[in-house]
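Visitor: According to Swiss-Prot, the record shows the following:
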- 9-202: domain 'Glutamine amidotransferase type-1' (DOMAIN)
- C86: active site, nucleophile (ACT_SITE)
- H176: active site (ACT_SITE)
- E178: active site (ACT_SITE)
- 203-392: domain 'GMPS ATP-PPase' (DOMAIN)
- S230, G231, G232, V233, D234, S235, S236: ATP binding site (BINDING)
Amino acid sequence: MTDIKDIQKIIVLDYGSQYNQLIARRIREFGIFSELRSHKVTADEVRAINPIGIVLSGGPSSVYAEDAFDIDKEILDLGIPVLGICYGMQLLTEKLGGKVVPAGQTGNSEYGQSTLHLTENSELFKETPAEQTVLMSHGDAVTEIPEGFQLVGKSSDCPYAAIENVEKKIFGIQFHPEVRHTEYGNAILRNFAFNVCKAKGDWSMDSFIDMEIEKIREQVGNRKVLLGLSGGVDSSVVGVLLQKAIGDQLTCIFVDHGLLRKGEGDQVMEMLGGRFGLNIIRVDASKRFLDLLAGIDDPEKKRKIIGNEFVYVFDDEASKQKGVDFLAQGTLYTDVIESGTETAQTIKSHHNVGGLPEDMQFELIEPLNTLFKDEVRTLGTALGMPDEIVWRQPFPGPGLAIRVMGEITAEKLETVRESDAILREEIAAAGLNRDIWQYFTVNTGVRSVGVMGDGRTYDYTIAIRAITSIDGMTADFARIPWEVLQKISVRIVNEVEHVNRIVYDITSKPPATVEWE
C-alpha cells in the first residue's frame, strides 16, 4: 500500500480565484498529487506537509489593501520551489522587497488574452516559443522586482509579466497558466513540476485509492459509518470505496425522497446491493419530503429543506443502529467551490455542503472532495465498477426538486421523470452518451398554449439541458444533431402528459450553472 507520507505533493495556496482548483487539477494530470490549501497555512505546517513545490494562486485582492490575503513570509525561505500566479506573483514581490501599485498609476491593467514576449531563457518556459498567447486578468502591476530576481517576460502593457530568482527557485508570472486560453499553460506548469520541483510523476488513481483507504481507516477506526446513496455516480463510488476500506462497518441508507429518476430506486438496490454486496437500508420517505416541500418555490429554501430533512431521516435510522458516528457523502471539489470557500464568494449552497444543519449528529467523511467528476469516473473504473454505474448521468442530492421550477407537485415531477427517461434513451441510442458531459430535462414551470388534435392545450414547457465540459468548472452547451433533438421533442410531447412545448438551453457556464436551481 502507498504511504501518504511517501507521495510527492505540490500544494496550491488559495487566494480566492474561483478557478484555483484547476491549478491542482492540471498538476494531477501530470501524475503528481496536488491539492488546495488555505493561504493562512504556516511555515511549520508546510514543513509537516513536506511538498516538493508550492503554487501561490491568483485572487481578487490587492497586496496594498489593509485586508489583503497574506502569506507567512518564512514559507518563502524554506528552500521549496515557489510559483506565484497573478496575485501570487504580486504577493511574493511585495513580501521580498519589490513594489506593486495600482496598474493605472504606471501602466495598464490587462483583462483577456495578451502576447507574452520572453526576454531570457528560463526553466519555466523551456521548449515554449519566445512569443506566446497568455490570459491576463490583473488590475495591479509590479513596478520594481525584488533583489536577486530577473525579468524573464513582458507584454505590451505589463513590463514585468514573468520574473524569477533562479538561486531561490522562486518564480512569478502575471498571467494564468491553468486556463485553456493560455496557449502553453500546461507546458509552463509541467516545467515547474518536473524541471524545477523535480517531480517523478508517479502518482495515479491507484495511489489515490491507497491514500484514501488509509485516511478512512485512520479516521474511522472500529466505528461505524452511514452513507446516503442518491443513485448517482458520486455516492455509488463512495460506497464501493468505503466498503473496500472498512467492510461491514459501512451501512448504506438509500433515502427514497420521491424525487428520483424513473426506476432509480430498484436499480440502486439491484446494482449496489446485489452485485457489490453493500448493506443497504431503503427508506421510503417520499411523503415526508413532499409534504415539507408543498408550496415552496424558492430554490434555496428547497435545497435547505431537503438537506435538513435528509439528515433527520438519517437521525431516525441511526437511532436504530448502534455505534454510528460518521456520515459519508459524495461531495466533489466543484461542489465545495460552488458553495464558496473562505476566499471565494458563494455561488449557491450545494446539496452536499450547504444543506446540513449545525446540530448534525455525525462527523463527515468526504473522500471525493478533492476530485472532479471525470476523476471520479476514473476512480470508479479503478475500483472495478461497471460502465453502467461509472458513466451514469450525474444526479444532484435534491433530485428532481431542483429540476422543477417553482412549487413541486406530483404532476410536475412526473413530467420531468418521464421526459428525462426519454432523453436518456435517445441520447444513448444516438451513441452520444459518452460525448455529452451531462444531460437532463427541466420543468420550467411555464405553461403555454398549444394544439393537439382538434383541441387547445395549455400545458408545461420542458427544457432540455445538455453540456460538454472537461471538469465541470466551465461548460458549453452540447451541439446535439437536430434530427436527434427533433426525435426527443416529438417523443416527449406525444408520450408525456401535460407537456406541449420543448426548448433547448444554449447557455454556457458561466454565466449559468449546470443545474437550473
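Just so you know, glycine gets a Cβ as well, placed from its N, Cα and C.
Model, not experiment: these values are computed from the prediction.
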Visitor: List the Cα distance (Å, whole number) between E178 (active site) and S236 (ATP binding site).
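Guide: Their Cα atoms are separated by 30 Å.
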Visitor: Among the binding-site residues S230, S235, S236, whose Cβ has the fewest other Cβ atoms within 10 Å?
Guide: S235
Visitor: Checking the recorded positions C86, G231, V233, S236, which are within 10 Å of H176 (active site) at the Cα level?
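Guide: Within 10 Å of H176 (active site): C86.
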Visitor: Might you list, by sequence position, any residue in that chain lying six or more from G231 (ATP binding site) with a Cβ less than 8 Å away from its Cβ?
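Guide: Listed in sequence order: F254, L260, R261, E264, G265, Q267, V268, F395.
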Visitor: Let me know the model's mean pLDDT on the domain 'Glutamine amidotransferase type-1' (9-202).
Guide: 90
Visitor: Is it possible to get the count of other C-beta atoms within 10 angstroms of the C-beta of G232 (ATP binding site)?
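Guide: That number is 21.
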Visitor: Enumerate the residues of the same chain, S230, G231, G232, V233, D234, S235, S236 excluded, that satisfy the criterion Cβ within 8 A of the mean position of the Cβ atoms of the recorded ATP site; list them in sequence order.
Guide: L229, V237, V238, G330, R392, P394, F395
Visitor: Have a look around C86 (active site, nucleophile) and count the other CB atoms within 10 A of its CB, chains all included.
Guide: 25
Visitor: Between S230 (ATP binding site) and C86 (active site, nucleophile), how many Å separate their Cα atoms?
Guide: 40
Visitor: Including all protein chains displayed, how many Cβ atoms other than that of D234 (ATP binding site) lie within 10 Å of its Cβ?
Guide: 25
Visitor: Please state whether DSSP places the residue listed as 'active site, nucleophile' in a helix, a strand or coil.
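Guide: Once the DSSP labels are grouped into three classes, the residue listed as 'active site, nucleophile' ends up as coil.
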Visitor: Whole-number Å only: compute the distance from the Cα of G232 (ATP binding site) to the Cα of C86 (active site, nucleophile).
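Guide: Between the alpha carbons of G232 (ATP binding site) and C86 (active site, nucleophile) there are 37 Å.
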Visitor: Quick check for the class: what is the C-alpha distance, in angstrom and rounded, between D234 (ATP binding site) and the residue listed as 'active site, nucleophile'?
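Guide: Just about 33 Å between their Cα atoms.
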